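Database features, via TrEMBL:
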{"type": "BINDING", "residues": "His66, Asp104, His312, Glu316", "note": "divalent metal cation binding site"}
Amino acid sequence: MNLRELVSALNDFASPALAESWDNVGLLVEPSPPHTVNTLFLTNDLTEEVMEEAVQKKADLVLSYHPPIFTPLKRVTWKTWKERLVVRALENRIGIYSPHTAYDAIPHGVNNWLTKGLGACTSVPLHPSTAPSSPAEGTHRVEFCADAEHLDAVLSKIKDIPEISCLTTLPARVEGEEQTRVSLNCSQKALLEVVALLSQNSLLHHKTEILLLQKPLLPHTGMGRLCTLSEPVSLSGVIERIKGHLQLPHVRVALGAGRTLESPVKKAALCAGSGSSVLKGTEADLYLTGEMSHHDVLDAVANGISVILCEHSNTERGFLSELRDALAIHLQNKINIVVSEKDRDPLQVA
């Protein structure tokens with residue numbers, strides 16, 4: 001499968017536009033074209049050990065959930081391990097693609113997989129995603145009516161304002177008079193200039209309507225999940241379920257104020273990876289994530305919310321097996337898909 005065709009298919013599986021604005025997703029390393037991909041190699045973290053495994057397994061593209069290139073590289077040498085990853089990739093004609101938070105957001109992604117550890121439940125995103133593309137441009141729509149005497153002068157001045165789009169005019173009849181209805185889309189910044197311009201003419205100003213344009217929310221898509229269990233389960237029961245789902249011998253637990261291991265859990269808020277910012281302020285019996293800061297744990301506990309921490313990538317890595325099967329269907333079994341055996345969380349309980 002041609003690399004560009006594969007990248008297009010991967011982008012269809014999870015649009016990079018769903019990723020957080022701070023993230024670095026998509027194709028990060030591209031061998032010189034043409035580049036054919038016969039083997040796609042899946043990993044949660046691309047370490048040097050994992051890269052060596054990818055080379056040995058003759059991978060043509062590595063899909064690394066976490067982007068190995070995040071902060072900009074000023075040089076590509078043999079000095080640092082992340083630079084060496086790029087060198088090794090290019091020397092062996094291996095591309096690198098990272099989806100990261102795009103996979104967090106999608107309905108068939110990492111957070112959805114993590115909810116399965118709770119047992120039977122329903123879930124909704126904590127922070128729903130909006131449609132990445134929409135027919136409407138700008139943040140606001142402004143509509144007003146003008147008579148022939150003022151129309152040309154007003155339109156001339158409006159066209160000089162930057163960040164104006166979708167400017168249209170239609171005949172209109174207002175209070176028995178023939179006028180023109182003007183509609184335009186604009187940015188927040190341009191809105192101030194448009195309103196200032198229309199305010200100079202009281203007749204225009206009083207006939208002006210301003211609408212806030214909002215992109216539609218995508219169903220079941222977004223960051224984090226708020227899960228409602230079908231039946232309440234004791235905290236100790238949830239702990240065992242999570243350990244089984246993530247195949248972990250141990251997790252870290254903080255009991256919420258007034259709670260015990262036998263306290264019932266009905267609502268659980270979760271976020272794969274580092275969940276502090278996503279979970280903060282959510283009302284629930286339990287927070288489930290990989291890692292949280294000490295003070296965020298204290299805040300949750302003080303509010304009577306218990307916390308289960310599993311270490312960052314332990315809440316993500318198990319998704320790779322499910323991803324392999326989903327991508328095999330999505331890509332119509334056109335390529336070989338391999339999951340890393342060397343990929344593991346760097347923290348272990350000693």
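Quick reminder: no glycine exception, Cβ is built from N, Cα and C everywhere.
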With the cut-off set at 10 Å between Cβ atoms, which of these binding-site residues ends up with the most neighbours? Options: Asp104, Glu316.
Asp104
Which residues in the same chain, at least 6 apart in sequence, have a Cβ under 8 Å from the Cβ of His66 (divalent metal cation binding site)?
Asn44, Asp45, Leu46, Ser98, His100, Ser313
Just counting, how many other CB atoms are there within 10 A of the CB of His312 (divalent metal cation binding site)?
21
